Amino acid sequence: MASGGSGGVSVPALWSEVNRYGQNGDFTRALKTVNKILQINKDDVTALHCKVVCLIQNGSFKEALNVINTHTKVLANNSLSFEKAYCEYRLNRIENALKTIESANQQTDKLKELYGQVLYRLERYDECLAVYRDLVRNSQDDYDEERKTNLSAVVAAQSNWEKVVPENLGLQEGTHELCYNTACALIGQGQLNQAMKILQKAEDLCRRSLSEDTDGTEEDPQAELAIIHGQMAYILQLQGRTEEALQLYNQIIKLKPTDVGLLAVIANNIITINKDQNVFDSKKKVKLTNAEGVEFKLSKKQLQAIEFNKALLAMYTNQAEQCRKISASLQSQSPEHLLPVLIQAAQLCREKQHTKAIELLQEFSDQHPENAAEIKLTMAQLKISQGNISKACLILRSIEELKHKPGMVSALVTMYSHEEDIDSAIEVFTQAIQWYQNHQPKSPAHLSLIREAANFKLKYGRKKEAISDLQQLWKQNPKDIHTLAQLISAYSLVDPEKAKALSKHLPSSDSMSLKVDVEALENSAGATYIRKKGGKVTGDSQPKEQGQGDLKKKKKKKKGKLPKNYDPKVTPDPERWLPMRERSYYRGRKKGKKKDQIGKGTQGATAGASSELDASKTVSSPPTSPRPGSAATVSASTSNIIPPRHQKPAGAPATKKKQQQKKKKGGKGGW
């Protein structure tokens, strides 16, 4: 290599500087020195390679890729496939990185490592799993722990996004990363309690490892723990403990972690908790899901879920056009997905356009028959909300894969019974029983449907139709006395002889008798307490003997208290129980008497005489026809007067209000 260079420094000396800076990790100075070498020889392959490495170490991936693409001819023999693919990977050009790796002349270990990362980002988990398995088996270096962590991450992704039951790879949970990935796999399988325990272990390991790492900054443990706490909050949310989950989510957001993917997921989960409540908070949180680079941090299903929730939030905030725009975009990306069309239908229903919503759902059902069941269930729900039960039943019966299910049969029979369409309800039973007869004969669901059909027919008086069902049940279990009794009851109306013949199969009274130890019953003390039931005494009941009746009354009767001014020598007033104005010696008020009697009749007339002259006080003749709700009665004669205790005297025409005033002035009758 020719000597010379900038400022009289020789090229070997420059290379020595590059080597020294590289060992110290000072790639900025190393890059400057490499550029000096390239000024001397611009086509130096080693210098170009070093420049690319320095740029990558400094995070200048775009510049590094430009250097590689600019000097393609020079670097043809010394291929930089790994460096090029790595730059494309870090620039989120994943498809280009895959092509670069696949076109490489030689598949080195570091290219395989990168290949696994690229496959993971492309969500090709089966291929990715095979690559990492091969690397774990055949690699022997200090990065074995990282490879196992990546392998467990692939298993967790399969469990969550593809619902694949993870196989036991025998990975020991020695680090918090491995524990975290194991917990994620358990969440995908629905084992939430076990996942929470593993996450708590991951938290302990994380705190321990970070406390031992003296080089780590104070933000590092918070960032690592935030991911674990976020997953804990997600488990709490799945368990229905939304208040605890919400509190933990908000604590993480207050820490302001730099991971935009974590913030986006937490914000999305808070929005799902808020639903149609606290929409102002949801509007603030949705901004976190729009941060730059989020699309490169999350999986496709996570991004899709965030978009769905954005559409729902737009619907809850009455942004109809925004809701339609987002849901239409989602439908164009995934035409077969149910949620976009369901969101559009929900928006139409909020606008009271139920007919359009049903038409939209019907169109989707025709285009995607594989997803028609869920759509038709929604259509039936809308029909029921409109009060069109019969149409809803027709829609439900058109779902071939569900119409024989016990739950569907129950719903249809209930709705047909509500519509008093018993024949259609029986037809639903018949079709379901026939399906089980052909596919799952004598299964528990089959026999249960037969019994329910028989009970339903008996309930609505279809005993003749219930006979075949009861016979089938009795043949399955001849010892079922209840079914036999129902069968005999049904035959008694149709074929009495057959009912009589079947009654012979009933057990005898001797076999039905209970095996009871009579002596033990006789020797027992009997009931220690019997609750008395009170009842009304009717006129037909036999009277008790006078002595017994008086004796019981004397026992229950308490001695009354006499008033303080009681005088035993004075005879009590026999009319003391009557109100003052109803007593025979009552003469009315003295003050203002003439004033009150103005217009009441001729002067000198008594109250009794005035009542006889008053036509309104005379007994009216019976009506020619009874009033609605009452019987026609003949008026009683004046000699048969009801006692004053139950009827006011004829000479008391005053109003109720005046009576109350007089009672207050006259006082109650006393001794």
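Each residue, glycine too, has its Cβ placed from N, Cα and C.
These figures come from a predicted structure and were not determined experimentally.
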By the record in Swiss-Prot, which of Lys51, Lys84, Lys197, Lys391 is the one labelled SUMO2 cross-link?
Lys391
Among Ser329, Ser584, Ser630, find the residue to which Swiss-Prot assigns the annotation phosphoserine.
Ser630
Where Swiss-Prot marks phosphoserine, which residue is it, choosing among Ser327, Ser513, Ser635?
Ser635
May I ask you to name which of Thr28, Thr618, Thr655 Swiss-Prot has annotated as phosphothreonine?
Thr618
I'm checking region-level scores; what's the whole-number mean pLDDT for the region 'Required for interaction with SRP68' (9-163)?
90
